[in-house]
């Protein structure tokens, strides 16, 4: 009897091992989880141009008694002349809390089960995101309310990044880490794009829903995280170690126990990290995130003000910056994997980014009537600005967090990631604040600030670039990654 062959699809499925399917599942889950984190952060940048508009061009209801023709449609307290400063304060309440909380988040992430830590953070973030939007329906006009909600949201959002990077680092080896994490890190840009599109749907009719809907989405993802996340291979294999005892299985099917006591990362290990370039990468990330987060929070308002687009159209156009960020992150990972030069890849992209930022200002100002010029510049800038940012926060953090000096302490990846991203988050807080302070003097000065930050980020990597170039020339032994 002639045996029938399996269907091609079944052959493909069965050709992968159980571990491979778990890796794919974890990569997909963590991608979705952090997408929702950024999805819930983005609405604030979209609704700014709705909270403060040029009301003289808006048709008002006939029965409405108007005392000020220029601000009647604005949302107090953002109807004042210093509205840009108030927006800067609002951004910083989130970002400063995020930067401070990030340094402690990794410590908690080491000591708590990542599944509980991540799911609770997502649910709380959903609550605080929705509370901001409920201010629309509750007719809240107090700046302190919105600042408090933003600050609390910033704190709980620090649960995300160290936890998801630790999960991915636990499941994937170092060989193609730059490429894998370059693709995986596109969740940042995908989240920004989805957040912009969702917020844009409601921004002109009921801007509260621009926050409530993303809040519901991230909270629902938190429930999924609690039900399905497997944080490491040991957990998947059923190695339950209540006393922090790790069970290592031999190749022959038998097993032996290694009484390796888990210890959190201590200061001595962090001193070793300094020799591995953590300081340079952390400070470079500070200025790279300054540029990236200024675009994240202020680009839609800039497009609306300068190109005179409505809030939805400005928000939709700004998503091209994040589309470019997806391509940039993947390219940075591929190039750094092939060359072995993480620092050189970042530095090269930052050098090219500086003139592109200047060109973006020029094209939006001069060519606002034609979308092709600004759209192309947004794509280029997104790729070149977010490429180094993505590489440092993913592959570089994972490389350093699983360095041999940790002596097998893989959970320390959570703390290492928090240290690097926490430093970068200082820049993320400073950038939007400076934009709020500088923008009243002219948008050109904001772009000069961004170019200066980009150049500083590049210069901070000069020692590591020199070291990598010498390695390529054969002067020293080159360590890939």
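Cβ atoms are placed via backbone N, Cα and C, with glycine included.
Sequence annotations record features per position, and here TrEMBL assigns transmembrane segment to 21-39 (among others). Tertiary proximity for the transmembrane segment (21-39) is limited to same-chain residues at least six positions away from its ends with a CB under 8 Å from its CB atoms, namely 118, 122, 125, 157, 160-161, 164, 167-168, 171-172, 180, 184, 187-192, 194-195, 198, 214, 217-218, 221, 224-225, 228-230, 233, 236.
Taken from TrEMBL, the feature domain 'Major facilitator superfamily (MFS) profile' covers 29-470. Taking the domain 'Major facilitator superfamily (MFS) profile' (29-470) as a whole, pLDDT averages 81 in the prediction.
What TrEMBL lists as transmembrane segment is 86-109 (among others).
Only residues 6 or more beyond the boundaries of the transmembrane segment (116-137), in the same chain, are considered here, and those with a CB under 8 A from a CB of the stretch are 33, 36-37, 40, 43-44, 108-109, 145-146, 149-150, 152-153, 156-160, 163-164, 206-212, 214-223, 225-226, 229. The transmembrane segment annotation in TrEMBL covers 116-137 (among others).
Annotation comment: TrEMBL describes 143-172 (among others) as transmembrane segment.
Annotated transmembrane segment per TrEMBL: 184-203 (among others), in sequence order.
Among the features that TrEMBL reports, transmembrane segment is placed at 209-230 (among others).
Annotation source TrEMBL lists transmembrane segment at 271-297 (among others).
The transmembrane segment annotation in TrEMBL covers 317-335 (among others).
For 347-371 (among others), the entry in TrEMBL reads transmembrane segment.
Feature annotation from TrEMBL assigns transmembrane segment to 377-400 (among others).
According to TrEMBL, the feature transmembrane segment maps to 412-434 (among others). Residues 88-89, 91-92, 95-96, 98-99, 102-107, 109-110, 114, 158, 161-163, 165-166, 169-170, 264-265, 269-270, 273, 278, 281-283, 285-294, 296-298, 389, 392-393, 396-398, 400-402, 406, 446, 449-450, 453 of the same chain lie 6 or more positions beyond the ends of the transmembrane segment (412-434) yet place their CB under 8 Å from a CB of it.
Marked as transmembrane segment by TrEMBL: 446-466 (among others).
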Outside the transmembrane segment (209-230), six or more residues from its ends: residues with CB under 8 Å to it: 22, 25-26, 29, 32-33, 36-37, 39-40, 42-43, 46-47, 114-116, 118-123, 125-134, 167, 195, 198-203, 236
Within-chain partners of the transmembrane segment (317-335) [C-beta distance under 8 Å, separation at least 6 from its ends]: 45, 177-183, 185-186, 188-190, 192-193, 196-197, 295, 299-300, 303, 309, 345-346, 349, 371, 374-375, 378-388, 390-391, 394-395
